[in-house]
Amino acid sequence: MASTLISSLAVVLPLTLLAPSMSMKISRIDVLGYICNNGTVSNEEAYRRSYQINLDAIRGDMRHVKFGTHEHGDPPERMYVLSQCVSDLSSDECSLCWSRATDLLSQCFPATGGWFHLDGCFVRADNYSFYQEPVSHQDTKICASDKEKSAEFKGLVKEVTKSIVEAAPYSRGFSVAKMGIRDLTVYGLGVCWRTLNDELCKLCLADGALSVTSCLPSKEGFALNAGCYLRYSNYTFYNERGLLAMSFTKENLTYIFVISMVGVLAIAAGFWCGKCFYMRTSPKKKIKGTKTKKFHLFGHLRIEKESESICTESHLMSFEYSTLKKATNNFNESCKLGVGGYGEVFKGTLSDGREIAIKRLHVSGKKPRDEIHNEIDVISRCQHKNLVRLLGCCFTNMNSFIVYEFLANTSLDHILFNPEKKKELDWKKRRTIILGTAEGLEYLHETCKIIHRDIKASNILLDLKYKPKISDFGLAKFYPEGGKDIPASSLSPSSIAGTLGYMAPEYISKGRLSNKIDAYSFGVLVLEITSGFRNNKFRSDNSLETLVTQVWKCFASNKMEEMIDKDMGEDTDKQEMKRVMQIGLLCTQESPQLRPTMSKVIQMVSSTDIVLPTPTKPPFLHDSM
């Protein structure tokens with residue numbers, strides 16, 4: 001049965017048809033990526049009928065305006081469909097691309113829907129109104145296998161994508177760019193679905209720009225987002241003839257519009273000249289106390305426009321304060337998710353229904369200023385499925401705001417250390433959290449060369465499926481190539497920061513900073529997840545006891561099972577849990593050289609074939625034990 005071909009797929013499958021020829025030029029009707037939803041409908045026949053009715057309703061629009069939306073059916077199985085062609089395609093090319101995409105999407109059913117990204121068009125169907133979604137956790141990127149490692153090429157790609165991000169939202173959601181230097185030329189194209197407003201379009205393309213620039217030094221990069229598509233290449237892939245036709249049509253319309261408005265403008269000009277003459281001959285009143293609009297930002301006097309560059313330079317959306325105020329009902333206490341060292345985190349709902357998390361920071365002095373700059377700088381450079389997505393920022397004279405994606409299950413500590421909620425976390429979910437956090441840290445250490453410095457349960461956010469995302473990069477530091485330690489002499493005592501109970505001993509006592517301090521914090525987190533106890537609030541007869549030392553004692557006396565969280569039930573794989581606890585102990589060894597890298601941790605958690613070494617004593621354990 002055709003419907004079983006690709007049903008029940010919950011992950012993006014990029015370039016299924018294209019992957020073998022990624023080094024070759026691709027066709028505009030080649031499939032770049034697709035997804036079929038996990039959920040299924042109860043009445044497949046009726047759902048397919050709704051799909052066909054929706055397609056029939058937008059067929060004419062696709063040929064004439066290359067875009068269409070329609071919905072049909074009764075909730076909860078009402079179907080919503082959106083499809084759009086890239087503007088440079090001709091009507092015939094659009095029809096061909098759309099026909100192929102819709103045929104392929106029909107194979108998803110009885111899933112509740114899915115989407116197909118072709119190079120020249122996009123189609124999506126689902127059982128809810130998704131039209132205002134700019135980004136999604138299912139967004140993906142594709143990077144070509146061919147490389148161009150010159151610095152000039154990288155610079156051109158960044159300039160081309162930046163140009164598209166800035167131009168497309170104000171050009172009906174579509175823009176192309178071309179830049180060259182000597183024998184190198186980069187071509188780019190960006191398109192937003194027409195249901196997005198300018199702000200959401202820019203947000204989507206900015207996110208796409210981050211994705212494709214992380215492909216470098218690949219010669220081609222593709223960003224497949226929920227609300228847009230962005231591509232760069234080293235050859236002309238778009239239809240220049242189609243662009244000329246678009247330009248000709250626009251010029252004709254502009255000419256007609258200008259001619260028709262000349263009379264109106266002439267009359268308006270007459271009124272304006274009269275007003276200017278009156279103002280020049282009238283007595284002038286001096287208004288006292290007027291000044292250029294400036295404000296204090298991070299303890300420094302800056303012009304408002306300059307503050308916005310902090311966002312725009314990182315390809316981030318600059319949110320209006322009024323938008324965030326409305327989204328949180330004037331930062332109502334009922335919207336507050338938590339409180340941190342420099343402010344609070346609120347849940348917000350934008351006018352299109354999209355939920356966001358807003359970190360409001362009360363800034364005064366250099367330290368919080370540096371942390372805000374640092375957080376924006378770090379997270380805007382890094383993109384991974386296990387790192388929280390930064391959407392944008394906002395600055396006022398009193399506060400600064402960082403806007404993130406909202407994750408429904410908030411932070412791990414809210415669930416893990418709650419006697420009732422922790423029962424939601426079976427071993428499968430906890431293992432997923434441990435592995436996902438390790439993968440996020442591996443990406444930070446190996447790809448971004450970043451040390452997080454504050455890994456703990458409250459900085460691990462969970463989505464609806466309990467998949468983890470590392471957050472709060474205010475203390476993160478870049479470290480040298482090769483993973484060498486940052487010299488302690490370069491760190492002032494005040495710059496040694498983190499959370500007691502999670503900080504590695506060599507960092508506390510000597511200021512030695514390497515990626516092994518994250519390994520230590522991760523090890524503490526692993527022991528918390530497997531035991532259900534909080535490390536710095538662990539209770540025992542010995543007031544100096546910590547969770548880490550207690551687990552090590554149980555390991556040494558072959559009583560590890562006593563430390564396993566009983567709330568996971570009797571069906572838990574005790575052997576696997578004890579193995580993961582041992583990995584936690586390996587990460588919390590006193591000697592940083594003995595702690596495994598995150599790559600090794602992932603291997604040890606994923607494969608039981610790897611024999612684990614015996615962990616040495618953790619720090620702060622008295623020899624009298």
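The backbone N, Cα and C atoms fix where each Cβ goes, and this holds for glycine too.
Note that the structure is predicted; figures quoted are calculated from it, not measured.
Residues N38, N409 are shown; Swiss-Prot lists N-linked glycosylation site for one of them, N38. Of all the glycosylation sites listed here (N38, N127, N234), it is N38 whose C-beta has the fewest other C-beta atoms within 10 angstroms. Secondary structure at D454 (active site, proton acceptor), as computed by DSSP, is coil. Long-range neighbours of D454 (active site, proton acceptor) (same chain, six or more residues apart, CB within less than 8 Å of its CB): D472, G474, L475, A497, G498, T499, Y502, S521. There are 19 other CB atoms within 10 A of the CB of G343 (ATP binding site), with all protein chains counted. Reduced to three states, the DSSP call for N38 (N-linked glycosylation site) is coil.
Note on the binding-site residues L337, V339: the fewest other CB atoms within 10 A surround the CB of V339. Within the same chain, the residues at least 6 positions away from V345 (ATP binding site) whose Cβ sits under 8 Å from its Cβ are K336, L337, G338, V339, A357, I358, K359, R360, listed in sequence order. This prediction places the mean pLDDT of the topological domain 'Cytoplasmic' (274-625) at 79.
Across the domain 'Gnk2-homologous 2' (135-237), DSSP classifies residues as 36 helix, 33 strand, 34 coil.
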